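Visitor: Here it is: the structure, laid out below.
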């Protein structure tokens, strides 16, 4: 497979540069990316060090590397531009249109993307994360009543990571109710959930995927057997259908994608960035 | 304050469009943004609906809205281009340079940014989140020994959200040890932490900030009093100094920024995206 070196340069966290670069790279197949991260580039010495590395690697590989940048300092940018690379300068590519649209110059101050918002937003986010952790066993009806959304599904269907992501990314209060074998006599909603039907969102996944995840945790157990996984999923999926619970099959779907789908389909309000 | 409407359009999750758009908007001061989100735009009907909204709002506000897009479908893009808006097309702005650099055409397939990576990466991330939750009380020496990094700090110094973010964003195993009043007789490392000194990273914050967070939780308690917060922080900061524990003052710093600093200063390896 072809190999190419890629650099992610930033004055600050590098999160924006990495998000952009990663998105773009997925659009090119058949190349193995060797990734180099350089965040908090806030001194001439650090910048020179990274430029030397870019040039050295270009020489070794016989071709210029790709460089994704969210650098804002014009002096630093000018020196990076001299390096042996293809520069994808995020701010340069996009600020022009905005300047025209807003008839206003950008402030060009680094580190604003992930600056702390208003206090309300900060507390909201911390509270949402704490909520996701506290509600992780799903057994407290008072906690469940506060939820913006309650993720349901059998054990190891991936509810917890999605709850945590919903809290972090969107500030949403996401609770988590795991169906247990005790719930699975007849196909009916566990009593705790009955008054909360509109908040429920189901996760499901393929039997073999569920089994793989459970085997990872308790190899050789009945809990991780194919037949038990199949039985639980069958009960669960009948429940979703019978009670019209919206659900998503998470097999092969990332946490981000599952979370964004839930926000979208449950029409949940985002609670961060004053939105 | 000036108001402007902003749209975030995407074929899929919208996370890339939102992250990049948010970064750009922070570079313009004095404007209040009215944000409209439209993700999973995968049908002609949905696209027409959003174009109508863009045009209606432009008419109401007497000026075109801003539109951030990570749409890839050329037909959909062409119709958005006809709307009354300033379009910031992230892929269009950047794919050109990449095409030249790589001498290869992009595949233009939506939804690849947050696609599920290899199984190893998926399990790693889930395991890291689970680890952050399991290690949240910091009392288990076996769990602590597995950590890539152990965040230390007084109660409510913000360790948990950072651990969770480190897990989600970087796949790093981040544990969490809260200093308790019992630790605070003399200035010495709690015995659990003594063999793990190289993994420690400290959080600190201003007394008034800590007090605000504690009051939010237990108003009127001794725990939330200014004098108690001051006493604990003083002990903690002496400890950081005496044992050369790297630390960050998180007052007014976002979870992303704290996390990226830790990755950077502890030289932690990213464990996602095969990096």
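Keep in mind that glycine also has a Cβ here, set from the backbone N, Cα and C atoms.
What Swiss-Prot records for this protein is below:
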| type | residues | note |
| --- | --- | --- |
| BINDING | B:153, B:154, B:155, B:156, B:157, B:158, B:159, B:160 | ADP binding site |
Visitor: To test your reading of the ADP site: which residues beyond B:153, B:154, B:155, B:156, B:157, B:158, B:159, B:160, same chain only, put their Cβ within 8 Å of the Cβ centroid of those residues?
Guide: B:178, B:203
Visitor: In the three-state scheme derived from DSSP, which category covers residue B:159 (ADP binding site)?
Guide: helix
Visitor: Are there binding-site residues in B:155, B:156, B:157, B:158 whose CB lies under 8 Å from a CB of chain A, and which ones?
Guide: B:158
Visitor: So for residue B:155 (ADP binding site), how many other CB atoms are inside 10 Å of its CB?
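Guide: Neighbour count, Cβ to Cβ under the 10 Å cut-off: 16.
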Visitor: Just going by other Cβ atoms within 10 Å, which of the binding-site residues B:156, B:159 has the emptiest spot?
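Guide: So among B:156, B:159, the binding-site residues given, the one with the fewest Cβ atoms within 10 Å is B:156.
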Visitor: Restricting to the same chain and to sequence separations of six or more, state which residues have a Cβ under 8 Å from that of residue B:153 (ADP binding site).
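Guide: Correct list: B:159, B:178, B:179, B:202, B:203, B:204, B:236.
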Visitor: Go through B:157, B:160, the listed binding-site residues, and name the one with the sparsest Cβ surroundings, counting other Cβ atoms within 10 Å.
Guide: B:160
Visitor: Just to confirm: which same-chain residues, 6+ apart in sequence, have a Cβ under 8 Å from the Cβ of residue B:158 (ADP binding site)?
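Guide: When sequence neighbours closer than 6 are ignored, residue B:158 (ADP binding site) has B:203, B:205, B:213, B:250, B:255, B:258 within Cβ distance under 8 Å.
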